[in-house]
Structure formats: C-alpha cells, structure tokens
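Here's the structure, in structure tokens; my notes come after.
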Amino acid sequence: MLSLSQPCFSGTLLMLLASNFLLWKNVAPVPMYASLDEYGEMSIYDLLDHVTILSHNVSELTAEMHRIFMEDVRYKPGRWFSDRYLTACHTSTLTISVSKEGARQMPGVFLVKEMISMLTAWRYPLYHIITELSYMEQAPDEIISRARNIEEKIIVLIEALRGILSKIQPGPPENERYPVWNELASLQSPDEDLRHLTLFNLFQCLVKDSRKIDSSIRLLKCKLLYNRDC
C-alpha cells in the first residue's frame, strides 16, 4: 500500500531502471526526434503517424497507471475513492473542440494549439507526481516507471505537434498559453489522505485528458489528410 510516512530508497534505483527497460520493450518503437528542426524534415503524413502512435501509447500508460493506483489503495481501510471526490481538472478550460474562433483558422490549427496547451499544462504536475512518488514508502514501481514514461512521451508529443503546427501555419511561433496546476500544497500536505486524494484526482484527470488527446489526434489526421468534417 502507498505510504508517505518514510522514504524507502533501498534498491529503488535499480528497480526503476529495470521497470523502465521492461516497459519500453513492451511499447511499439517510436522514433524520438530531438528538436523542431528535425521534425521539419518529416512529411506531414509521417508526423501524423508519429503523433498517433505516441498519443495512443500515452493513453494506454495513463490507464494502466490509474488502474495500478486504484488496485493499490483499495486495500487500505477507509481509502477508497469514487468519482464524487473528483474536483475540476486544471485543464477543464480546454475543451479541445473547434469553436467559432477556431473555425476561422486553417483546418487543424486551432485543434493543434489546444492540444499543445493541454499537454504542456501536464508537465509541471507530472514532474511533482514523480517527485512525490519517489518519496513514498512501498510506492509501486509500476506507477513510478509509467509516470516517467508518460512524462517523456508527452515532451516528445508536444514537439511533434509543434512540428505539425509549423507546417500548417508557417511563420514565427506564437506565445503558448496553458492552464496552471495549483494543487502542489495538497500533494505535499502532511495529511496522508489528502496526498492520496490529490493523486487520485490527478490520475483521473490525466486519464480523461490523454483520451481527449488521442481522439483529437485522430480527428486532426482526418482533417489534414481529407480536409473535411470528420
């Protein structure tokens, strides 16, 4: 069961490395491009295939991480969470839908910008999820390894989407805006139940958002390749 009472470091590094290695072996190989310039050398078709695979990987990993978390906490008396405990996600202002404003832009531009904003909004909370999990006594390695993997893939996915945006809207990059997560105090609270409730909310929101991204990328692919309402 998860506990934040004492840090437990014995053998953690080796187990994390092993877990990450096994996790990567079970995921379809996806090329990791380091910069926007390198993405510029890819065709729009290859980029769309690339982000489709990445987003599907992220969606699967978040679902697995959420499942492992729920299985772990259910054995702790009095620590069972339901959807009624779920607070508003910090990304709730991003609907990832084509509004009237978005409809006036070139096909897919508004959608790509919304997805970049949503993914960027998760970088800060994911960093702290990983940090706090690392201090948890008996925190399942499966959760930590997946959280790290998700963080890495989201960074790559953001860059790939920026590459797509540069192709469908050429010109200097615009300033990006994204919702800010402000629940760090709850995640670091001395109240153990509050810490777990905060994790529960984060995992629930991450699952929802990763599914939105996955479905939106399929929509994007349809719009850019076939230029029609999908």
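Note that Cβ sites are derived from N, Cα and C of the backbone, with glycine treated the same way.
It should be emphasised that the depicted structure is a prediction, and the values quoted were computed from it without experimental measurement.
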Of the cysteines Cys8, Cys205, which is paired with Cys89 in the disulfide recorded by Swiss-Prot?
Cys205
Distance, Cys89 (disulfide bond) to Asn57 (N-linked glycosylation site) (CA atoms, angstrom):
22
Alpha-carbon distance [Cys89 (disulfide bond); Cys222 (disulfide bond)] in Å
28
